[in-house]
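Residues or ranges marked as active site, proton acceptor in TrEMBL: D121. Positions annotated as active site, nucleophile by TrEMBL: R123. Annotation comment: TrEMBL describes R45, V46, H47, S48, E49, Q66, E87, G88, R89, T109, T144, K149 as GTP binding site. The Zn(2+) binding site feature in TrEMBL is assigned to C50, C61, C63. What TrEMBL lists as domain 'GTP cyclohydrolase II' is 9-163.
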Amino acid sequence: MNIKISDVANLPSQFGDFKVQAFKQGQKEHLVISAKELAEVPIVRVHSECLTGDAIGSLKCDCREQLEYGLKMAEETGGMVIYLRQEGRNIGLLNKINAYALQDKGLDTIEANHQLGFAADERTYEAVTFILNHYNIKKIKLLTNNPDKINSISGVEIVERIPIIMTPNEHNAGYLDVKRDAMGHLL
């Protein structure tokens, strides 16, 4: 796998003082945000980019809450967030907005992806294995509700799955129901 790696830089944030490092895989630039001192078995949040949720605060999803929780856990426990540039479950921003428009017409998140010619979830996780190997991490506690992440991350032992418990709102309750009922998320 041909991945370019940046230097490590310090990043003070509202969630704590972190180290950051970028990993360029093809045209995608992923980011690792880690505690200054990693635990022997760190808590790791693998988070796929969600511009509308992460940056704008969209209430249609729970992405921002998951990212913020992951950053807090990383700071408190010596963990890391691996921020994958896989917008809209890896269909891209333009297609994600088109999927939102279809959802406005009554389709659920999976039906909208299918209508646009995509699988329910197009994400891949091979970069995660590369990144964890780069940090010589052999065991992790995975902060996720997504069983596909558990099954897709290879080359490292997942010793524990730590759930992310979020309270649904009126805008994302149906979306979370679909994630649980149709995608098998452990909500």
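Each residue's number is its place along the chain shown, starting with 1.
Glycine is treated like the rest: Cβ placed from N, Cα and C.
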Cα within 10 Å of D121 (active site, proton acceptor) is the criterion; apply it to the binding-site residues C50, C61, C63, E87, R89, T144 and give the hits in sequence order.
R89
Within 10 angstroms of the C-beta of H47 (GTP binding site), what count of other C-beta atoms is obtained when all protein chains are considered?
22
R89 (GTP binding site) to R123 (active site, nucleophile) - Cα separation in whole Å:
5
Please report the number of other Cβ atoms within 10 Å of the Cβ of the residue listed as 'active site, proton acceptor'.
18
Could you check which of the recorded positions (C61, C63, R123) sits closest to E49 (GTP binding site), going Cα to Cα?
C63
For E49 (GTP binding site), just count the other CB atoms lying within 10 A of its CB, please.
20
If you skip the near sequence neighbours and keep only those at least six away, which residues in the chain come within under 8 angstroms of the residue listed as 'active site, nucleophile', Cβ to Cβ?
S48, L84, Q86, R89, N90, D148
Return only the integer: C-alpha distance in Å from H47 (GTP binding site) to C63 (Zn(2+) binding site).
8
Shortest C-alpha distance to T144 (GTP binding site) - which of the binding-site residues C50, C61, C63:
C63
What three-state secondary structure does DSSP assign to E87 (GTP binding site)?
helix
How far is it from R45 (GTP binding site) to C63 (Zn(2+) binding site), counting Cα to Cα, in Å?
12
I need the neighbours of the Zn(2+) site defined by C50, C61, C63. Which other residues of that chain put their C-beta within 8 angstroms of the C-beta centroid, in sequence order?
T52, G53, D54, S58, K60, D62, R64, Q66, L67
Compare the Cα of E87 (GTP binding site) against each of the binding-site residues C50, C61, C63 and report the nearest.
C50
Please list residues from the chain of C50 (Zn(2+) binding site) whose Cβ is under 8 angstroms from its Cβ, counting only those at least six apart in sequence.
S58, C61, C63, R64, L67, E87, G88
